[in-house]
Amino acid sequence: MHLPGCAPAMADGSFSLAGHLLRSPGGSTSRLHSIEAILGFTKEDGILDTFPAERSSRSSKERDPRLGAQPACPKAPAGGSESSPPAAPGFVPEYEATRPCYPKEQGEARPSPGLSVGPAAGDSKLSEEEPPKKKHRRNRTTFTTYQLHELERAFEKSHYPDVYSREELAGKVNLPEVRVQVWFQNRRAKWRRQEKLEVSSMKLQDSPLLSFSRSPPSSALAPLGTGPGSGSGPPGSALPLEPWLGPPLPGGGATALQSLPGFGPPGQGLPASYTPPPPFLNSAPLGPGLQQLGPPPAYPCAPAFGDKFSLEEAYPRNSSIAALRLKAKEHIQAIGKPWQAL
């Protein structure tokens, strides 16, 4: 036995419309929600004919899980009264017709129409109670002249004062002990930097390259002929060269060399009993190989060092230094004058 309006409605697809009001056995009224009802379509539009009845009923059950527990066709109540007549097919509630349809994903909770979508009440309370924390910035301590004077005096006595000394000093200069401790730490760091700078500057001053590059004063070089009047360079040269690096001076060097000890003629300063050895290269017993070689070639030597006045007059107390410089001069000239290009 079929109830009127139940099986025919399911057959022609009109069972899924939103306007049907069903009365449950308990007497409460329930409303069916389907995709067509949410979108606002009716049977008269002609769109519902393309969907089968089973598909529309299955989609309505998926959208509203309450339909799964209800029977497809509710039974009539015990009193034998029939179900109330269905409402007009074209009647669609306004809130359902304007609400868009969003597909429900798995694990996603759809909010109820009566609840507002937004952050939870607990989160809003926490955000109101906990304002954003500001970064704590310590104010810089400004020391007075008296405080700096007392701190410097204490630093001269000891770079690492103990806690008792710091507390006593803090009470004396009216500062917290923590500020005094921080000041000593900064002062020790500054002292270490100063020590490193002093050590590095002393090493640079004592290096041989810098001592060699330093030129002697012009007053000491002028008697040796390196001044503008000696003809060794252009007048007014900014960087005078050392005496053994300059070009030789013309003429008159023999008298200056003979005045120094050890630079006299070959026979001077020798005892009377000394006899020079015979020249073995010119002797007869030499073999033919040595005779073909002949005497050794004479290396070109620069003209003798000369000056208008003797070195003893220029350096009355530094004759030994002048002699050493002259020996170095002759040694460089004998090598081949490599420094004259300078």
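Cβ atoms are placed via backbone N, Cα and C, with glycine included.
Residues or ranges marked as motif 'Octapeptide motif' in Swiss-Prot: 33-40.
Residues annotated as region 'Disordered' in Swiss-Prot: 44-140 (among others).
The feature compositional bias 'Basic and acidic residues' is assigned by Swiss-Prot to 55-66.
Per Swiss-Prot, DNA-binding region is recorded for 136-195.
Summarising the annotation, Swiss-Prot assigns region 'Disordered' to 208-295 (among others).
Under the heading compositional bias 'Low complexity', Swiss-Prot lists 208-225 (among others).
Look at Swiss-Prot and you will find 235-244 (among others) tagged as compositional bias 'Low complexity'.
If you look up Swiss-Prot, you'll see 319-332 marked as motif 'OAR', on the strength of sequence analysis. With helix defined as DSSP H, G or I and strand as E or B, the motif 'OAR' (319-332) counts 14 helix, 0 strand, 0 coil.
Residues or ranges marked as motif 'Nuclear localization signal' in Swiss-Prot: 325-329.
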Model confidence over the motif 'OAR' (319-332), as mean pLDDT, sits at 83
